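First up is the structure itself, then whatever we jot down about it.
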Amino acid sequence: MPPKKADGVKKARAPAKRKLAEEFPSGEVLTDNAKKKWKLGSAVGQGGFGLLYLANEDSSGPVTADAPYVIKVEPSDNGPLFSELKFYMRAAKPDLIGAWMKSKKMEYLGVPKYWGSGFHEKNGKRYRFMVMDRFGTDLQKLFEGNGKKFSRKLVLQLGLRLLDILEYIHDHEYVHADIKASNLLLSYTNPNQVFLVDYGLAYRYAPEGVPKEYKEDPKRCHDGTIEFTSIDAHKGVSPSRRADLEIMGYCMIQWLCSRLPWEDKLQDPLYVRDSKLRCRDNIDEFLKSCFASGNIPAEMGKFMQEVKVLGYTDRPDYDKLRGILQQGLKSIGSTDDKKLDFGVATNSTSLPSVKTPKRKKAEEKGQSADETDSTPAKKRRAPQKKEVNGAKKTASPAKRPVKKETQASSEPAVKKSRGRPKKNS
């Protein structure tokens, strides 16, 4: 599976087997499968191999700059949007999300709502489209703009929001598999609400409520974004609930300390995998390496320990995990006041900053991951500009083959690190 290139590439370029969507003029009207009409505004970004447009319900007037929706359009024979649609249609309909929120007495849930989809013919070509909520900026921009550090209170609050999101999608048979700051977007109208987007790698881990069994596939090693992806993914195992929580843990630790210990060798996925294996086996040493000052947030160790003991098919105790993060807030004399403060962080000194090497992303094929019993299809994104709804994905060259490890149970044995970076794997 090809790695993912670093951000900042300005010119879009797709692999030969993928087609880029042509740009539609403002005012183009699309009709979804429910016969509802939507009017396109200007193109405001590119996501994967599709274009993003401002949009509104069809009316006599133009689509203005404050339009509440965006529409993603891709050539119909491309795979990424097809796979996202499978998740949205099964798990993100507004009434489904609304019923969950009511049952949990929640003010909001950070899962984007599905508003419609369909096909559109233009110049003899057929396109697939999906209507989504419009969002604001992504957390990666805020993280970098804040010196690559968030306050402890903010990180714990984001963790609580993520647990709400993950419990919902997990209980609706899916896992996300690519949690990271660039996939977390603020609401367009409420800066205290954050949403998890980009379900191109979302995997239906439990069709009809039955979790799939642990199985390694050497051809699918290192799926996801390499610095955050789970140990299971490094070993070619299909995404799971415990994997989502492991990824979430790496994200929270990075937000607190600026970078993870393996971030200077992202070009060597085996080194990254083996580093994570060692860190899982000695969580205390892992956290010491992240927080050089010794001011280690105790809740991070407890959180990672809970994730460590989860079996591949286990249902996480979301309430227990929430309790760990809430106790962390209490230890700093704070509570979850539902207000997200992205101001200057006050965490103690941690690891020195380094330049982040190229990242890696899976290529998603035309078949949806939830349509097969095999490991989820990989995806590759084309480089693009990022404008709206965090629409920025990139492609990378091929990786070297990975040596398969022996698997006796759902908890793989630790292998020694190769310790040597290798170019662009």
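Here the Cβ of each residue, glycine as well, is placed from N, Cα and C on the backbone.
Over in Swiss-Prot, the protein carries these features:
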- ASP178: active site, proton acceptor (ACT_SITE)
- VAL44, GLY45, GLN46, GLY47, GLY48, PHE49, GLY50, LEU51, LEU52, LYS72: ATP binding site (BINDING)
- 415-425: compositional bias 'Basic residues' (COMPBIAS)
- 38-329: domain 'Protein kinase' (DOMAIN)
- 343-425: region 'Disordered' (REGION)
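Sequence features annotated in Swiss-Prot and their locations in the structure.
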residue	record	DSSP class
VAL44	ATP binding site	strand
GLY50	ATP binding site	strand
ASP178	active site, proton acceptor	coil
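Here the Cα atom of GLY50 (ATP binding site) is found 19 Å from that of ASP178 (active site, proton acceptor). Note: the CA-CA distance between the residue listed as 'active site, proton acceptor' and VAL44 (ATP binding site) rounds to 23 Å.
If you average pLDDT over the domain 'Protein kinase' (38-329) in this model, you get 95. Of the listed binding-site residues, namely VAL44, LEU52, the sparsest Cβ surroundings within 10 Å are found at VAL44. Counting every protein chain shown, 25 other Cβ atoms lie within 10 Å of the Cβ of GLN46 (ATP binding site).
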